[in-house]
Amino acid sequence: MNAAPLVALVGNPNAGKSALFNALTGARQKVGNYPGVTVERHSGRLVLPDGRPVELVDLPGAYSLEPSSPDERVTRDFLAGTQAGERLPDALVVVVDASNLDNHLRFTLQLIALGLPVVVALNMIDLAERDGLKLDPERLSRELGVPVVPTVAVRRRGLDELRAQVDGVLTGAPCAKPAPAEAEDIVTLQRRARKIAALATVSEAPVRRWGHALDSVALHPVSGVLMLLAILFVMFQTVFWAGAAPADAIAAGFDWVSGVVKHLMPDSVLRSLITDGVIAGVGAVVKFLPQILVMFFFILLLEASGYMVRAAFLMDRLMAHAGLSGRAFIPLLSSFACAVPGIMSTRTIDDEKDRLTTILIAPLMTCSARLPVYTLIIGAMIPNVRVLPFVGLQGLVMLGLYIMGVVGAFVVAVVLRKTVTQGASSGFMMEMPKYQLPQLNHLAIGLWSRAAIFLKRAGTTIAFTTIVLWAMLSFPKPPEGSPVSPVNYSIAGRIANGIEPVFRPIGFNRDIVLALIPAMAAREVAVAALGTVYAIDESGSDGGEAQIATTLAKRWSLPTALAFLMWFVFAPQCISTIAVTRRETNGWKWPAFMVGYLFALAYGAAGATYWVAKFFGL
Amino acid sequence: MNMFSRVDSHLSLESLPNRQPATVAAIDWARLSVPEARRLRELGFDEGVGVEVLHRSLIGKGPIACRIGRMTVALRRTVAGAIRVSQHAA
C-alpha cells in the first residue's frame, strides 16, 4: 500500500520517449537490467503536483504488443504484468510523436485497450507545427477517450500539465473505457488510427523537413559514403588521440598504487598477489576504459542524432553479402578499437540471429590491444625494407593482418549464417528517425551506465581470472637454489610443458606457449609475458621492449614469428571479451562456442602460415 | 479508398522513380516472410497510403528510403518489389 505508484512510459521508437523520461525524472534515475535478457531497465522518480513520488519506468520502444525483438518482448510482458520481478503498472503515459500520429496512434489504441489508466503525451508538438501540421489535442482526447497533453520534452513544455493528468488518472475515477478493441487485427487498428489522426488534424501541409535535404547528402551513394568515412576518421582519430593520455595516466596510477603497496608491505606471497595479481591484472584491463568511453560517446552521439540508421542504410548492401544487415556495421567497426564496446553496442540490432552472428565475429576485428603485440613482433622479425616506393614491408605485413581479420570475419559470418545462426534474415526494414540534436544529459547517463558495466566486470570476473592466472604463474615455488626459474617451475610452466607438443606442429616453442597463458587476460600482456619468460627485467631499464625484440630476433625463426602473428589475428585471448559475450548472450553457451571456433581458426591459420613459410624457405 | 487501385498498379515501389508521390495499391504479402510482413504493417504500409521514394543507396541493389505517411522508412529492394503502387495523375 505504501509503495509509490508505478507508471510506465511507453510508445513507438523515435517518439521522444527517453527525452520525456529524462525531463520528467531529471537526475533521479536508475539504469539496471531486466533479469534474463540484455534489455536495460530505466526507472526514475516522478514527483506529482502534491509532492507524492511515483516510480516511472521507461519501457523499450515498440511498434505493437506483438514482440519482434527482446526489447519489445519486455514491453509486452511488462504491460501484461508477466515480466519477472515487476508488478502491473498503475497507469501508462503513452508517448506519441505529434508529426506521426497515423502510425503512433495504432499502438496507442492497442495500449488503451489494455484497460489501464492512460495519459497520452502528444510529444514534439513544436516540430509538428514547424512541419506545417496543426493538431487539435482536445479532439484527439475525445476520440481516444483519455487525457491528451501536448508536450515538448526537450524544452520542458507541458510537463506540469502531464504530471497533473497522471495524478488525475491515478487518483480519480477510472476514465470511460473505450469500446472493446479485442481481436482487432493490425490493419483494422491502423485504419482506425488513421481516421482518428485525420479527425484530430486541423490542417496539414505536405511533409517538408529540412532533414530530407540533409538526407539527400547523407544517403547519397557518393557524398553519403564520403561523409561516413569522414565521420569514422574523426571517430577513430579521437579514440586513439583522446584515449591515449588517460590510458597512460590510469596505467601510471595502477603502477603507483602497486609501488605504494610494495613499499608498505614486506615481500610476501600476499604482496605478490596484490601487486602482480590483482593490481597489474585489473590495471591491464581498466586501462582500456578511456578508449571504450570515447568510442561509446561517438556511438551514443550517432545513435541519438539519428545518423546511425543512415550509416546502416549505406552499408546494408555490403553487409548483406555476409548475411548480416547494415545494423551490424557500427558494432563491427567499433570492435577495431575494442571488441567490448562493439559487442555491447550490438543491442541496437533487433534480429537475434543477426545480433548473435555479429557478436561472434566481433573479436576478429583487429582491436587496439593487438597493436603492441604486432608492433613488437613485426619490429623484431620483419626486415625494414621498402618493397615499393613509400611501401614498407613492415607496414604491409601489419595491413595484411588487419585484412586477414576482416576477411576471416566475413567468411565466418557466411558459414555461421548457414549453420549455427541459420534462419531467414529479418532483412533491413526500419524507420529513419528525424535528425535531432543529442541531449548532453542523455549522453552522460548512457556513458555512465556503460562505464559502470565495464568496471563491474573488471572488478569481478576479470579480477578473479587474473588472480587465477597469477596463481598459476607463481605456484609452486621452486626449492631454494634451484636452477629452474620460478615461472618455469610454476603450474603455468608445467602446463606449457604439457601442451607444448600440441603447439609444436604450428611452429610454437615452449616459451611462446608459456607466454600465451598470462596473455589470456589481455592480448598485450603477451609482450610483458615474453619478457618474463626470457627473464628480462623490464623495470630495470627503459629498453625493456627493445631487449625483448633483440632476444626474439635471436631465438625465433621467421616462420614461427609469422605463425605467432597469425595466432593473434584469430585467438580469443581476452577475458573481457569472453565476459562481455557471456553477459550479452546470457550464458556460457555462446562464449564457449566463440572461444572454441576462434582457437580452432587460430591454430589452423598459424599452422598453415608456419608450413607455407617453411616451404618457401623463409 | 479504391480510387487509385486500377491506375498503373503494375508499378512496384522498387521501380517507382524518386520523388514521385504515389499510393500503395496492393501488397503481395505472399512474397514476404512473416516477420517482414508484420514489420511492414507496423510501419504503416497499407493500401491507400501515400508513399514516395526519397533515396536509393548504391546504384543497383542497395536499400531504398521512402516516405510512408509522414514517416521515413528504409527497405530492402526485395520488400519494395512486393509493394504495388499507383502514381498520382500528373
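All positions are counted from 1 along the displayed chain.
Glycine is no exception: its Cβ is also placed from the backbone N, Cα and C atoms.
What TrEMBL says about a protein is an automatic prediction, not a curated fact.
The domain 'FeoB-type G' annotation in TrEMBL covers A:4-172.
Here TrEMBL flags A:218-243 (among others) as transmembrane segment.
Taking Cβ pairs closer than 8 Å, the transmembrane segment (A:322-344) reaches residues 232, 236, 239-240, 243, 288, 291-292, 295-296, 299, 302, 308, 311-316, 350-351, 354, 357-359, 361-363, 365-369, 409-410, 413-414, 416-418, 425-428, 430, 450, 453-454, 574, 576-577, 580-581, 584 in its own chain, all 6 or more past its ends. According to TrEMBL, the transmembrane segment annotation covers A:322-344 (among others).
Annotated transmembrane segment per TrEMBL: A:356-382 (among others), in sequence order. Residues 240, 288, 291, 323-324, 328, 331-333, 335-339, 342-343, 346, 349, 393-394, 397-398, 401-402, 405-406, 408-409, 412-413, 416-417, 421, 522-524, 526-527, 530, 545, 548-550, 552-553, 556, 558, 561-562, 564-565, 568-570, 572, 574, 577, 581, 584-585, 590, 593-594, 597-598 of the same chain lie 6 or more positions beyond the ends of the transmembrane segment (A:356-382) yet place their CB under 8 Å from a CB of it.
Remote same-chain residues near the transmembrane segment (A:394-416) are listed as 321-324, 332, 357, 360-361, 364-366, 370, 374, 378-379, 382-384, 387, 565-566, 568-570, 597, 601, 605 (criterion: CB distance under 8 Å, separation of at least six residues from the stretch ends). What TrEMBL lists as transmembrane segment is A:394-416 (among others).
Counting residues 6+ beyond its ends, the transmembrane segment (A:556-580) has Cβ neighbours under 8 Å at 285, 288, 339-340, 343-344, 362-364, 366-367, 369-370, 373-374, 377-378, 380-382, 397, 401, 404-405, 408, 454, 457-458, 461-462, 465-466, 506-509, 512, 516, 519-523, 526, 591, 594-595, 598-599, 601-603, 605-611, 613-614, 618 in the same chain. Taken from TrEMBL, the feature transmembrane segment applies to A:556-580 (among others).
Using a Cβ-Cβ cut-off under 8 Å and counting only residues 6 or more beyond its ends in the same chain, the transmembrane segment (A:592-613) has close neighbours at 359-360, 363-364, 404, 408, 412, 420, 505-508, 558-560, 562-572, 578, 581. Residues or ranges marked as transmembrane segment by TrEMBL: A:592-613 (among others).
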The domain 'FeoB-type G' (A:4-172) [mean pLDDT, rounded to integer] | 90
